[in-house]
Amino acid sequence: MPINCKVKSIEPLACNTFRILLHPEQPVAFKAGQYLTVVMGEKDKRPFSIASSPCRHEGEIELHIGAAEHNAYAGEVVESMKSALETGGDILIDAPHGEAWIREDSDRSMLLIAGGTGFSYVRSILDHCISQQIQKPIYLYWGGRDECQLYAKAELESIAQAHSHITFVPVVEKSEGWTGKTGNVLEAVKADFNSLADMDIYIAGRFEMAGAAREQFTTEKQAKKEQLFGDAFAFI
């Protein structure tokens, strides 16, 4: 459904990533794990995961947009948002979209995997689980090129300390000055679990990462395709 929004704030997070708060002219009903599209033109709709959870957004929608210099696709959206914030103009979105929302009727443990700004997808799901006091085991693996990309690392470490059923594992590719897990986030998951058969797996990142996860987890770790969720799976 097309909805006009005001841009309430734009906050730089780290590594060319911005937290953007939108205030829609009417409430948007969505599920944790869904996404919206920013309408840049009649045939130009650009998808971004909703980072806020349905039960906490208080009418606002939070986005985390990574707009590195080489990424004009996202950078143009951020510039459009900045212009709307300065002028008080509207941003047109279309929402909600996606079938990779949290399956709340499942009793299985949850594995949340994010690559880079794919974190916004799993953040919505994690925040929803906390606010709804869902107590089943939740494992969150977040991979980035370096520690700078993991802009919510301190927040997630605090959450994991406060909730014994939540485990947070950051993984970076560049190990200089880093004492945690290094390398590929999918390899880190495979090293930590003998089997993924009894897990609901939610994943967000580049299409090639999602495809590799589906292939490797089902063939090597007994994961079930029907228990793998991610927007990429609708396209690959």
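Just so you know, glycine gets a Cβ as well, placed from its N, Cα and C.
According to Swiss-Prot, the feature domain 'FAD-binding FR-type' maps to 1-103, an assignment based on sequence analysis.
Per Swiss-Prot, pyridine binding site is recorded for G115, G116, T117, G118, F119. Around T117 (pyridine binding site), a 10 Å sphere centred on its CB holds 28 further CB atoms from the protein chains shown. Taken residue by residue with DSSP, T117 (pyridine binding site) is part of a helix.
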Least surrounded among the binding-site residues, given as G116, G118, when other CB atoms within 10 Å are counted: G116
Arithmetic mean of per-residue pLDDT over the domain 'FAD-binding FR-type' (1-103): 93
